[in-house]
Amino acid sequence: MQFGTYSEDDVDALRALAEEPGIVDIFLTNEWPSGVTNKAATSDVPSGVSDSADADSTISELVADIKPRYHVAGTMGVFYAREPYTNVDAVHVTRFMGLAPVGNKNKQKFIHAISPTPASTMSSVEICAKPPNTTLSPYTMVEKATPTEAKAERPGESGSDSQYWRYDVSQKRQKHGDGDSERLCFKFTSSGCCPRGEKCHFRHDEDARQQSIRGVCFDLLNKGKCERGPDCNFKHSLQDENGSASSRRSFGTPSSNRSKECWFCLSSPSVESHLITGIGEHYYSALAKGPLVEDHVLIVPVEHLPNTLSMPEDCEIELNRVQNSLKAYFENQGKQVVFFEWVFKRATHANLQVVPVPSSRASGIKDIFNLAAKKLGFKFKTIESTNNSEGRRLLRTQYDRSCSLFYVELPGGTILTHVVEENERFPSQFGREVLAGLLNTADRADWKNCKLSKEEETKMAERFKKQFEAYDPNR
């Protein structure tokens, strides 16, 4: 595939990739990107490559925007496999490979085998992994052409003096209109800045930007609905300046309120009531949709609150009672229990996840969480206690509501905690993915892969309620 043979529609689609959530696995270009050797180990750079005039700065801009996992290019006449590099505003690394011509006299590699796993099937831990030799992005120093410079570079209608025309989408926009003008620009909405400026063919909406700052889901703003369900950690109603649900209508979509949008509010038509196994005064229990294991339970506040740590102190008594009941139930089955919660500061309705683990594997829980943390570049802080009640009391005294937090309660009372910084890319399904690895069920790390029919879910919940009845603190 040669980049030079792409139509304007193809190039437009490539530009649009940078606007949408998701990861490009492989990107093929004819030309090399200029600056690709920046920050690379000089001993590995082929002679004459770093200062070559054959590289293309426009390719650099495209790659910096698209952020593919693999970038393969030709035309430089040499083979070069660069160290992986990090991407700005992305959690994954990119690997660049330049291939030599077929049958070259120096017998350099003109073919190179790779077997990448599609990003769509990888866990967040795998996507975030960074090899020891990873460098910073080589393109952070590349200066993008200004509109004036770009105009000067671009040839006339003949297109014979320069190849800039192959990447410019302005003619298409003039001929065919701004087809995507009603869709929001992801970069502007999420960060307030879009490198394409006036050339961006997506909408820069300041009102949407303010809603994004207040934690509203981008898909809701852009499409009027969110299909991620309980997996989404963002708000599903417009927010006023005080962070409260607003009655203002959405961006071209009908207005919605909290009870209609929330997956966990008992009054919501969206709640999966057939999965509920017990209701107390402050908390209710339900089986997880798309469970990691059989009897995967959620402990959910009845009130619409963002996390269990901010609940009134008297609610802890009920929560501890539910936790102890579940521990006793699973212990009778030869299992230990892991509790974990992703306390996202822009979350809407909390859920404390409860995953039973065979007692034979319980001794490895702490080690595998610490190993996963190391791969993501952080280290857990430990709260030592002899029981969950005391550990949670200490955790509540240390919790800073202005920050996001992940914590996991281990069998025996020890709690591992990690404060997630504002710009840190932390996998929302981290706890589930780690336990999937412990249980050798990596294919079940994503709840969407574990969906059951409503009939199957109902039977599962009824069976659990019958078996748990003797332990139920709400009976």
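Heads up, the Cβ atoms here are built off N, Cα and C, so glycines get one too.
A TrEMBL annotation is a machine prediction, not a hand-curated record.
Keep in mind that this is a model prediction, so the values were computed, not measured.
Of all ranges given (48-71, 216-239, 312-335, 408-431), TrEMBL attaches the label zinc finger to 216-239. Secondary structure of the zinc finger (179-207) per DSSP, as helix, strand and coil residue counts: 11 helix, 2 strand, 16 coil. For the domain 'C3H1-type' (216-239), the DSSP counts in helix, strand and coil order read 9 helix, 3 strand, 12 coil.
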